[in-house]
Amino acid sequence: MIYIFTMVFSLNVLILSSSAARYDYFQFTQQYQQAFCNSNPTPCKDPPDKLFTVHGLWPSTKVGRDPEYCKTKRYRKIQRLEPQLEIIWPNVSDRKANRGFWRKQWYKHGSCASPALPNQKHYFETVIRMFLAEKQNVSRILSMATIEPEGKNRTLLEIQNAIRAGTNNMIPKLKCQKVNGMTELVEVTLCHDSNLTQFINCPRPLPQASPYFCPIDDIQY
């Protein structure tokens, strides 16, 4: 009887440990609404703002595939947080579909964020705190360096230095996309350690062959 109990207990531990995700760091990714809509194959249903807003907070690995769709409890509506999420984390392509966007982000990424973010409430509250209270808002960081969304051509170094000035001199990850002959800054990722306690240099820079690789100059923002 003791032998059977031990086997069952060991099996349960094995199942639980196998469902836990392994990750090395977090990517806090924000997208510039106008550039996103310009590059999106499907037209955005709402006029975009000249702002960076949250795309997601993603547990990530330095080598191999990032964890996705981990075992989790059923998603629940987060009505108390929705007024803030609607501002900082909208579904840019269709704001009437915000809830579906948040749900997808939770199931795909947030479900794998334990132990740093052990549940859905903690996950969304942390994003709000990072963006608002901790001022990890890319629009604000660029503005502090007098880089405003004026549709001007910027150099890669100019953008990188501005962001590094607001993130303890850590290197961000940038995504650009060429639309109608112009290269636009589409996304900025700020990277954090696995406990979300400090900025780190973003691992895994985009290869030069990537369609999102940013050139050294003539980046419109």
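For all residues, glycine too, the Cβ spot is worked out from N, Cα and C.
Among H55, H122, only H55 appears in Swiss-Prot as part of the RNA site alongside Q31, N91, V92, F101, K104, Q105, K108, H109. In the disulfide annotation of Swiss-Prot, C70 is paired with C112 out of the candidates C37, C44, C112.
Per Swiss-Prot, C202 makes its disulfide bond with C191 among C191, C214. Around the Cβ of Q105 (active site), the number of neighbouring Cβ atoms within 10 Å comes to 21. Taking N91 (RNA binding site) as the reference point, the recorded positions whose C-alpha atoms are within 10 Å of its C-alpha, out of C37, H55, N153, C191, C202, C214, are H55. Site extent for RNA: among the recorded binding residues Q31, H55, N91, V92, F101, K104, Q105, K108, H109, the largest C-alpha separation is 18 Å. Candidate recorded positions: Q31, C37, C214. Nearest to H109 (active site, proton acceptor) by Cα distance: Q31. H55 (active site, proton donor) has Q31, Q105 nearby among the recorded positions Q31, Q105, C112, N153, C191, counting only those with a Cα within 10 angstroms of its own Cα.
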